[in-house]
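Trainee: The following block contains the structure, expressed as structure tokens.
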Amino acid sequence: MSPHRNGNLSVMLLQEFVLEGFEGGPQTQALLFALFLALYLVDVLGNLTMIMVITLDARLHSPMYFFLKNLSYLDLCYSSVIYPKALADLLSSSKVITLGGCATQFFFFSLLITTEGFLLAVMAYDRFVAICSPLCYPISMRPSVCTRLVLGSYCGGCLNSVLQTSFTFSLPFCSSNHIDHFLCDVPPLLKLACADTTINELVMFGICGLIIVGTTLVVLISYSYITGTILRMCSGGGRHKLFSTCGSHMTAVSLFYGTLFVMYAQPGAVQSMEQGKVVSVFYTLVIPMLNPLIYSLRNKDVKDALRRLGQKHRAM
């Protein structure tokens, strides 16, 4: 849509944006396409495999694997909100996204990524109860409680997403319609606003900082008790199994929260778009791809379940 005669681009920007993505010529874009496509396919295959294995194997129908299945679902969904469009843009000269498409992508991306943050904290609490209070575990983490914890994670993610989306897309955009990113996210969108964005930055840093710090404290407190309990165990084999299981979760937590803190919970995040693109690729594609590998390669129960499914498939 053409701008007004006074040269103001706000009307055009209310219709569409252009996602600039990564710099480089056709060869660079083709190389990035091949790399991102490979990572995305591994991401989809790995997470679908985890969901299928946990669903089909009755021995994995426990609270820990119920949460792990939901984690795989979230990883699959939030990378799929972004990368089909990002991959298409790498091969296209037109990288346009409508205002509604941009807001929709951002809403679901924010919803799913925040929900995962809460879910990782829930998974830490689950391990805390299982290891530190094993006799109370069947009652404390009964199916109805697990379902409510997952729904609570989604509610927290939805609340954050509604706040972030409403604050961001209520801004007037008139400096340019070119988003210096491959996805619709708060930092690059704030760069396009022609109004004071101080309140928006404070909201982003405040809410994201509160969520990251709050959920990180839950994880750290849970694992401090877990570590103490494991170290007091007499059985070396039991200690090794528990450290292996908890180590997988701590690896996933460290990768996830570390990249989110770099991107959203420090004031310098808004000023460094190139760094932001690399960090965004890491937590929207690399981490969702790594999570199934982390949990399957370091988890004997999952490896045994994969082996049993393979044997059943060959026997058919």
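Just so you know, glycine gets a Cβ as well, placed from its N, Cα and C.
Reproduced below are the annotations present in TrEMBL:
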- 30-54: transmembrane segment (TRANSMEM)
- 46-295: domain 'G-protein coupled receptors family 1 profile' (DOMAIN)
- 106-125: transmembrane segment (TRANSMEM)
- 202-226: transmembrane segment (TRANSMEM)
- 247-266: transmembrane segment (TRANSMEM)
- 278-297: transmembrane segment (TRANSMEM)
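Tell me about the setting of these features in this model.
Mentor: Regional average pLDDT for the domain 'G-protein coupled receptors family 1 profile' (46-295) in the model is 87.
For the transmembrane segment (106-125), the residues of the chain that approach it from at least six positions outside its boundaries are 64, 67-68, 70-71, 74-75, 77-78, 81-82, 149-150, 152-154, 156-158, 160-162, 164-165, 168-169, 183-186, 189, 211-212, 214-216, 218-219, 222-223, 249, 252-253, 256-257, 260, 283-284, judged by C-beta separation under 8 angstroms.
A Cβ distance under 8 Å defines the sequence-distant neighbours of the transmembrane segment (247-266), meaning residues of its chain 6+ beyond its ends; these are 71, 113, 116-117, 120, 123-124, 127, 186-187, 204-205, 208-209, 212-213, 215-216, 219, 223, 275-276, 279-280, 282-283, 287, 290-291, 294-295, 298-299.
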